[in-house]
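The following features are taken from TrEMBL:
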- 9-189: domain 'Guanylate kinase-like' (DOMAIN)
- S16, P17, S18, G19, A20, G21, K22, S23: ATP binding site (BINDING)
Amino acid sequence: MQTQPPRRGLLIILSSPSGAGKSTLSKRLMARDETVQFSISATTRAPRPGEQDGREYYFKTREDFQELVRTNGMLEHAEVFGNLYGSPRAPVEEAINAGRDVLFDVDWQGGQQIRNSALRDAVVSVFILPPSIAELDRRLRARAQDSEEVIAKRMAESRSEISHWDAYDYVLVNRDIDACAAELDAILTAERLRRDRQPGLSDFVQGLNREFEGRLE
Ligand SMILES: Nc1ncnc2c1ncn2[C@@H]1O[C@H](COP(=O)(O)OP(=O)(O)OP(=O)(O)O)[C@@H](O)[C@H]1O
Ligand SMILES: Nc1nc2c(ncn2[C@@H]2O[C@H](COP(=O)(O)O)[C@@H](O)[C@H]2O)c(=O)[nH]1
């Protein structure tokens, strides 16, 4: 019997301007599908109230973060809103080699680096747009997690982040969270079918052919 290469996991990248809904969509996806592994980023940003080290982020000093970069421990990294953020490499490689899909919440620079990495063939990238700039501003304020100064900085950067939308495989407008989450589900289902097409189905079609031959005998 023909041996098939082991199935590799997908790297699902979510990017958007701050406040468009990546974290909300990620949490919904993880709640529905426990096989998806979230890539917990490292950051030099201070924890928000309620955030726990090792759950939302690995909170690092600049020195420790830069040491991880220097030792090739990051799959990608970038400065965003004055803080350093990066995706630790080892858990991602371990997961996708074991066939698990990995979900990333990263800015456009991280998305670009992952798309250009050695893992590029496994990447599915999704850009999330807000329905309007006024609604983006409203969501950042309603989240009530950041100071006025931080919100102003994020709003000022949002135009530049949005300018990268066209580099992504899929673009969703997050008007209604249920509808947007359903669209993300549909993307994942279709991309998994595409990934599994070769390894899974050639065995299956060989089985159908043997069944044909049995009927001819
Ligand atoms: N479709 C939606 N309608 C209304 N509110 C929403 C919708 N999607 C997300 N929100 C709310 O908007 C706020 C920002 O969402 P979220 O934190 O998920 O954004 P984000 O893209 O992850 O932001 P950041 O990049 O800053 O981490 C949250 O309070 C969230 O509950
Ligand atoms: N390039 C990367 N960007 C990241 C990573 N983790 C998060 N982010 C992006 O930072 C901003 C701000 O996040 P917040 O938690 O401070 O609101 C947001 O756009 C994230 O997508 C990362 O590992 N690499």
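Backbone N, Cα and C define each Cβ position, glycine as well.
In TrEMBL, annotation is done automatically, which means it is predicted and not curated.
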Listed binding-site residues adjacent to ligand 2, that is, members of S16, S18, G19 whose C-beta is under 6 A away: S18
K22 (ATP binding site) CB neighbourhood, other CB atoms within 10 A: 23
Least buried by Cβ count (within 10 Å) of the binding-site residues S16, S18, S23: S23
List of residues, in chain order, with Cβ under 8 A from that of P17 (ATP binding site) and at least 6 apart: P130, L136, R154, E157, S158, E161, I162
Proximal but sequence-remote residues of the same chain as G21 (ATP binding site) (Cβ under 8 Å, at least 6 apart): I128, P130, R139, N174, I177, C180
Any further residue of that chain within 8 Å (Cβ to the Cβ centroid of S16, P17, S18, G19, A20, G21, K22, S23) of the recorded ATP site: I128, P130, L136, R139, N174
Where G19 (ATP binding site) sits in the secondary structure, as DSSP reduces it to three classes: coil
Confidence summary (mean pLDDT) of the domain 'Guanylate kinase-like' (9-189): 97
